[in-house]
């Protein structure tokens, strides 16, 4: 069935900000879908609130609206643009929920908008737990014994009937949000109450736990004629009970018999046919490891995290094919874009193994509860490809950037076998290392399989790796012969991993490899197991005989990607990498990307000329460089992951384009940077690097408290803190020196000033600043967690001139060619520099979109030797636009148990939204709504606990809230303060006092908003920490910065109405 000619203009809903459970995979699928629609001559209108995405670029859709993803704003776009169709399945859970709401409220009918692809009825059957269960029983597909409940009593009755443990799954939520496994009635009370609150329809499925069964997924495509293919099946190494987003996943499945494979494949197709899916769908099964019994867990009637993985694992462009199916094409009419000979109805065949390992944010949150369960906690993931499971797994382990090149982890060596057992029975992100340690101590394989629920097939593979590691540990380098080294390399061991075990340097192993000619060859991912030639291939390394890479003689550049999404290094860096590649291609240069993240646009098959899906380690990158012999390597756009390779590449005499390794060092090494600032006569907050607790105390005495302390060479403010007295400083320093004895700790005088930031481009002679950005929160809140305003609202002309002068001096002083990011503080009329990053930063996509300056494109051309004056955007500070744009951070702390919520110098946000308006108030209003910060709620109760040095500042804000009709609950001192000002307040007992106390007030739903300015951020023993956590877990707003609170209250005061606001198409 060819293209439906009635479809002329399609609205695509994006997935909004990156949160745990919904990351970069929807930028990848959304971009692919928009391109698929445009290829067919269809006009595409996009709404998405996330500025850090490729899909919101002006060339991806015809009209781009960076507006809040709410029914009100989507309706505005529909009313203005009048699309005839809506494609709902590309924006993750956010997009689906919005589409259902638009349908239910009659908005789609009112404007005559048809849903294309999977229908709303089918989406509901897939998402609504009750409808889904009814469909399954109608077609005789087994589901787990379960009950749908909408209140607490029914939930308890069901649990008592079938016994604990019980799995709680709320309807219409993301990444297992609000769900969990309840082992007792007390746990059920807590999980069920939250689940009912977070489900948009107040509905929760309680099901009998089949913890320990295998979890298997099928990624299936179906068209309107009922043709169905399975793109890929995947096996979770971790059993049911750990969310699939937190599981290690392998494709294709390794332990299913042919009968099991076919049985679940038939079930998947049966389910898609009965629900009437048109497009892609993910089906999850629980399979009893001891029989052929299985049960359907759930389906995702949309593209998902798993479909991004399946796409990258097979080379089959699921989102693009789904967009064509939505236009009316059938699978046998859609060409496979990788081969351009075969059609989309060919099932991909894999002659390799793919492993996905999640990337968790626990390095950012030391006190977090790391135990994995049904609620997803990973921020991102890596994918590794190998010719065998061991190779893919070891590649995956080193791709995580956790400093692990083997399965050995020092901290598990000290544990007893009982302690190790506990670590694998309640598995956390490090469970594989605990499991390896058990195997190292000859613990029986069948016992390990029994207590972990991991199939013996995988345990055997892990044991082989452990045995080889032990053998290496007991050997000397002279014992390593050609045959053994070849076998280790074939199974994925890295030079560094082998060297560490033999106590030699990686260089020694590299030398032996070169003598014996043990070098990797590269194989192709081509969707068809090599049966047809692929026109846009990507590659993985293996130690086989036949090499499939054709190396050209063209001028070529390698761009190093940024690896997995994590807090501090998110999708913004993928945005920069992709734009760099596009700029190089425009200049006729062959481009090669190296990256390992399956969720991103940069690893899509048709972005670069060649893609290497490899770990971003020294060895793996060097192998590719030696193979391709590029004219240069670009590191500036891959965040800290890429920058870390600068010194290594310099040692190997490999040319890097743009800023050199020595120049990077000048910006990142504290002493060299201080010398430069002195030479340039640029002020910075006083401070220095210290090597002991005693030095620190002495320096703090000189500077005067408060002081800012942090490790050197970090990303996203990791390990930074503001300390107010000696006790706090000693606590911080003793911990910091314990973690890292090799580098100094930096200690600065903390200035409570206005923070200002620039991303600039330098060609070695001039600089261009696309825009000066101002932070709403004062210095001390990490720039990635601050609300950012552009153009600036409170910065004088003199200071702006000084910013340009300092930026130029610094860029030329360091010798920057390309990007530089500088953060300033304005304090009492003076300008200080607090940080310089010699690379692209996370604000690049935001400032590119709102200033309309193609920053990455210009920076790339400058790195290749062009001059700013010839590129059409001039030099100096670029002219300011009329519209005001704010970037508002979005947090995922609710999904991470026992994690600090409080804003401070260490970054915590996972994503961001954009608010665009004619005035700052309008922009902030949209930004807050986009970030799901409640500003519409009329009246309510504020729980306030304010520390002493913030009380004076809090009063005028409290008075404003009071005049808006808000009631107050407060602890003794804050209550006294409010009473003195004539504000009515209910006093509540402190945490240490008897019930009912402050936590009970939160748990009894007496509060709508918590305002808590912390006395000491990161110590979870403090009351403030428990108050903030209790509030976040009840889905309440928690505000810890008075600057943010003041902005929210000012906006509430203005009483802005949705209907009076304009929406802006940013595509022109």
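Just so it is clear, glycine is given a Cβ too, placed from its N, Cα and C backbone atoms.
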Self-check item: Co-listed ATP 2-binding residue [Swiss-Prot; alongside 710, 749, 751, 755, 780, 781, 782, 783, 823] among 694, 698, 835
Solution: 835
Quiz item: Could you tell me the C-alpha distance between residue 208 (ATP 1 binding site) and residue 298 (Mg(2+) 1 binding site) in angstrom, no decimals?
Solution: 14
Self-check item: Residues near residue 129 (ATP 1 binding site) in space but at least six apart in sequence (CB under 8 A)
Solution: 146, 148, 169, 171, 203, 204, 205
Quiz prompt | Cα distance (Å, whole number) from residue 751 (ATP 2 binding site) to residue 300 (Mn(2+) 2 binding site) | solution = 49
Quiz item: Just the number: how many Å between the Cα atoms of residue 751 (ATP 2 binding site) and residue 298 (Mg(2+) 1 binding site)?
Solution: 52
Quiz item: So how far apart do the ATP 2 binders 710, 749, 751, 755, 780, 781, 782, 783, 823, 835 get, largest Cα to Cα in Å?
Solution: 18
Quiz item: According to DSSP, how is the region 'Oligomerization domain' (402-549) divided among helix, strand and coil residues?
Solution: 80 helix, 12 strand, 56 coil
Exercise. Take every residue in the domain 'ATP-grasp 2' (674-864), average their pLDDT values, and give the whole-number result.
Key: 91
Quiz item: So, by DSSP, how many helix, strand and coil residues make up the region 'Allosteric domain' (933-1068)?
Solution: 58 helix, 24 strand, 54 coil
Self-check item: residue 710 (ATP 2 binding site) versus binding-site residues 215, 242, 284, 298, 837 - nearest by Cα
Solution: 837
Practice problem: Among the binding-site residues 215, 284, 298, report those whose Cα falls within 10 Å of that of residue 823 (ATP 2 binding site); none is a fine answer. | Solution: none
